[in-house]
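Undergrad: In case it's useful when we look at the structure, here is the feature table from TrEMBL:
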TRANSMEM  158-177  transmembrane segment
TRANSMEM  228-247  transmembrane segment
TRANSMEM  253-272  transmembrane segment
TRANSMEM  281-298  transmembrane segment
TRANSMEM  304-323  transmembrane segment
TRANSMEM  351-370  transmembrane segment
TRANSMEM  376-394  transmembrane segment
TRANSMEM  406-426  transmembrane segment
Amino acid sequence: MCFCNGLGRNSCFAVFKMTISKSILLLKSIKSNINSIIDVHNRIIVSLPACCQCFCNQNNKTFSQSRKFSSHASGYHFSHKLNQRIFLQPNFFPEQTFKTSFSGVRQNNFPPDGSCFKGKDAYRKQKRNLSVTPKAILDASPKSLQPYLRLIRFDKPIGTWLLYWPCTWSIGLAAAPGHFPDLWLLTLFGAGAFFMRGAGCIVNDMWDRDFDRKVERTKLRPLASGELTYFQGLCCLGGMLSVSLGILLQLNWYSVILGAASMVLVITYPLAKRVTFWPQAMLGVTLNWGVLIAWSAIQGSIQTPVVSLYFASVLYTMIYDSIYSHQDKYDDMLIGVKSTALKFGDKTKHWLSGFATIMIGGLTLTGVALDQTWPYYTGVSITAAHLAYQLYTVDLDNADDCAAKFRSNTGLGFVMFVSIVLGTLLKTQKNEIDQLDNEE
């Protein structure tokens, strides 16, 4: 008996076939929606937390296909638009349908800790939390100011620290036995390191902007990319040098003249890579000039102990900057720029090991000349161990590893400074009298 309530067998079969067809179409539609959800979700997570992801238009170039999808189907909707960055968030309003454009992924610009799941208010509250890191300060600065901050490498303070720490070594070693280093001088040289490092970066970018356009790591610098004009860079340089001069004038005239002489080095250093394979040596001579200025600011002139300290600091700079230059060695070969990375080649570690040995000898000689105590030599030993480990483990063909080893030298500078301070505090008044007798 037919179950189709009086319909013929053929009619019943037709109804059954139509029902099966509709079921198949429904299953295909469900599968399509599931695939769409998976596709959207995969685009969102892109190796970052699955809660959300920032999609932004980089360099005003859209390089992916727009896609329509239902907010109900996808489970996501646009919830925030902050600083031209649109964040995706779980859909709380399924009646919306809209069009999305995936215009590139900027990693590290997404709401951390899954805050996008907590709703708009929670996320906005989190965005109000203050951060004092250089990168956060740069991002929070007015758009018109950001190119200038990037021009002076404000978001990359490693260069300022590497300029500052040798100055603190000199200030600490020049301090009277049993006394802390002069806090005012430490502050002045800290500010001077910031502004002179910024000025040096501008001079370097003004000379090298054509080269920088051809190097992957530097092509987005403000002058190389055209974000700032040459004149704007020159105005910024004038401001940095003016402040630096004001700081220099706080010292004695011997130090003022010595500091003014360093401008020849600052201006000509970027040219070294065009004519010699030893630009890192030129950088060391320039970057550590503050060691001589700091000593003369306290002692009134350059003396023998600071010469060995200066020489050791120059070698130290050659070590870490030679490692750093291995990041760009292939680009340097293509554009004709010279460096110690190209000069040393496969023998880089041998050369740098020799420099490290001489550097440690220079620091030891400085300590002996100044009657330093055991904390100082402990610091020298830690420095030697750090350099040995760094040179043994660095992968010179891995740009990320070279950069990491380069950055590690910031902590080493601090360790050496603390060792000098402690060593000077343990020196007795007798040491000072004996030193004066020897000089006479």
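Just so it is clear, glycine is given a Cβ too, placed from its N, Cα and C backbone atoms.
Unlike curated entries, TrEMBL annotations are predicted automatically.
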Undergrad: Between the stretches 253-272, 351-370, 376-394, which one has more Cβ pairs under 8 Å with the transmembrane segment (406-426) than any other?
TA: 376-394
Undergrad: Out of 228-247, 304-323, 351-370, 376-394, which stretch has the largest tally of CB pairs under 8 angstroms to the transmembrane segment (158-177)?
TA: 304-323
Undergrad: Checking distant contacts: for the transmembrane segment (376-394), what same-chain residues at least six beyond its ends satisfy Cβ-Cβ under 8 A?
TA: 319, 323, 349, 352-353, 356, 359-360, 363-364, 367, 401-402, 405, 408, 412, 415-416, 418-420, 422-424
